[in-house]
Amino acid sequence: MAILSGVVDGNNDYEHGEPLLITTSSSSDHGEGRNLRRSDAVESVVDYRGDRVYDRSKYGGWKSAYSIIAIDIADSFTYWGISSNLISYLTGPLGQSTVTAAENINIWGGVVSLLPFLSAFVADSYLGRFRTVLISGFIYILGLGLLSLSVVLPSLISSLNYNDNSFFFSSPTSYQLVFFFCSLYIMAIGRSGCKSCAQAFGADQFDGRDPKECKSKSSFFNWWFLGLIFGNGISHLTLNYIQDNMGWGLGFGIPCTVVVVALVIFLLRTKTYRYSVIEKKQNPLVRITRVFIAAAKNWRKTPSLDSLQEDTVKLPGMHLGANQFRFLDKALIDISKDSLRKNDIKCTADQVEEAKAAIRLVPIWLTCLIYGIAVAQSTTFCIKQGNTMNRKIGRDFEIPSASMQIFGSVAVVFSIVFYDRVFVPSARSFTGKPTGITMLQRIGCGMFVSTVSMVVAAIVEKTRLQIALDNGLIDMPQATVPMSIWWLVPQYILQDTSDIFALIGMQEFFYDQVPNELRSVGLGLYSSILGMGHFLSGFLISIVDKLTSGSGRYSWFSDNLNRAHIDFFYWLLAGLSAFELLTFIYVSKSYIYKR
């Protein structure tokens, strides 16, 4: 395929002259030449044949971007439609305890959020974004198909007991568990490539150096986010109801069909896309690693003024961080010719600055992890709480507990409008900054709102337990607590509102502060915060469960939620979030932005 060879290799022979007009011909033009102005050429991109794009009206733009947005809508619909109600399936048909189900969801959620980091690196360094999205899409469909089979073919699973052939499973349930979770993780692998590369590939369809396309590129990100909210909202309104009332086979099968349709739409526009050319140069991760190796080799040596003079920092603003992490300056020491060895490494000042910039990100990354733990709770205990409450609307309709997350999605839309139209202009009048507040200040605001959401969640759960006690329902876990599920709306709204500050702030921060060649990896780094948050959430739940159970006591996460104390867990998260916020403020004060 010309697409793959031309894009990945980047060996395209471009014309070096600058004629006013250039003439092209193609089969689509029936052999007739077309006169195109040189200004129509797009730098650093090729078409599906691997040729340079001279006609920007024919390749890229909105006609290509819309089909890529379809991938985002399908992914959002699928992921949230499955993850938001997964705890109901695990504790229902699969018969897992609340603690086990929560731990499994957190581990899976962590893997889902961490894999895009790896996929982004592979795409930026080897495969390219188009090829990564394509391959990942097929893996995504495979995982979803197997997920549906694990539900709709239980009879087939039960029949896999071949005593005569020494092929025997201890029980159909254990086999179904293995089959189900393997399918779930295959889905995670497929989603990672779509999540990390589809958005960047969509932005590639617009030339940021062209004034008109630059505006369209900005609008693309708005439409992309609206697509995410649309897919999220539709899944909560429809898919969660189908899963609870019409069967899990249909509830898992519909997302598979949606992804198939989206991938077909994506492929139909293959000949209209602009493909970025991957330049053959040293990988930035390798450059940064070389700095640490060189500094370690020279750690006993003292740099002289003469050895560092020729490597004086040349990039504007780099002197701001010159006094930080001085041990990395050892990498600039010039090895004399007499002592030069093959394994000696000489680095430039630019490479040292890249390494320093990477180290500066570590404290910020670490102080954001507790926020990831708080985010993980929306798809675990909040759903279980809602299942015990009064969910009726009118006489007959009963709203699925997982569907309550739609209010968070709606809150996100209104919060964005509030942030852009009210908050930023007001903050700008005080700070004088075009963005109102800095990226780190935006993240800090999100952490504060998240802390408040945990406090509200603890108060609501304490109220639910008191109502259950007053009505004699403590030992009746299947009974409906006479408390409306609408009590959960404030915590969903607050948590999702915090995302407007924290998550988008993290996305912008890590995208902007990494080396330019690693911006896809920077987005993966942001995603890894959520991944580690899920892992830490599972670890924390396991520890708390062991400490609070035993000796005849009920665990904080007892299957009987009326005997459990999830409110204590929310108070614990509120305390950890407050500590995180104070630590984050302290660390942020010493951070030096890359220029």
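Glycine is no exception: its Cβ is also placed from the backbone N, Cα and C atoms.
Remember, TrEMBL labels are computer predictions, not curated facts.
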Practice problem: Match it up for me: which of 221-242, 353-374, 485-506 does TrEMBL list as transmembrane segment? | Solution: 221-242
Quiz item: What stretch of 107-127, 221-242, 248-268, 523-544, 568-587 shows the most Cβ pairs under 8 Å to the transmembrane segment (134-153)?
Solution: 248-268
Practice problem: May I ask you to check whether the transmembrane segment (221-242) and the transmembrane segment (173-190) make contact, with contact taken as at least three Cβ pairs under 8 Å and only pairs 6 or more apart in sequence counted? | Solution: no
Quiz item: Any residues 6+ beyond the ends of the transmembrane segment (173-190) with a Cβ under 8 Å from its own?
Solution: 82, 94-95, 104, 108, 111-112, 115, 136-144, 146-147, 149-151, 154, 157, 160
